[in-house]
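What Swiss-Prot annotates here:
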{"type": "COMPBIAS", "residues": "1-12", "note": "compositional bias 'Basic and acidic residues'"}
{"type": "REGION", "residues": "1-20", "note": "region 'Disordered'"}
{"type": "MOD_RES", "residues": "Lys5", "note": "N6-acetyllysine"}
{"type": "REGION", "residues": "93-103", "note": "region 'Essential for function in development'"}
{"type": "CROSSLNK", "residues": "Lys121", "note": "ubiquitin cross-link"}
{"type": "MOD_RES", "residues": "Ser138", "note": "phosphoserine"}
Amino acid sequence: MAGGKAGKDSGKAKAKAVSRSARAGLQFPVGRIHRHLKSRTTSHGRVGATAAVYSAAILEYLTAEVLELAGNASKDLKVKRITPRHLQLAIRGDEELDSLIKATIAGGGVIPHIHKSLIGKKEETVQDPQRKGNVILSQAY
């Protein structure tokens, strides 16, 4: 068949498929995030192509930030495995992440905190006239 389309691609090698994540330089799956965004919209699934890339970049950055802080927390405690406790310490220790992530982390425990009014005053040293030396008073009566 002369003039047909059969020989159109015969001289060229087919280009290898490049994912949108690779094009954007991301590790998170842009295509999967785009699919989830489309399934959760009410306007008949119309989501711009760059919205998925931007969302994937945000999720990747936040994940990297939390994992870095949790890794530092686990390293401070001299263990090699990140646990929910380390994630809790990392998120609650950072002011911006704490305001962003309000979720309760299962198995995360609590953050130690003592209110300033409950902390005792500085110890005062008073000369005791009957004893030789200083006496430490923990509370003023």
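Every residue, even glycine, has its Cβ placed from backbone N, Cα and C.
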Within-chain partners of the region 'Essential for function in development' (93-103) [C-beta distance under 8 Å, separation at least 6 from its ends]: 62, 65-66, 69, 73, 111
Summary of DSSP states over the region 'Essential for function in development' (93-103), given as helix, strand and coil counts: 7 helix, 0 strand, 4 coil
Count of other CB atoms lying within 10 Å of the CB belonging to Lys121 (ubiquitin cross-link): 9
Integer average pLDDT (0 to 100) for the region 'Essential for function in development' (93-103): 92
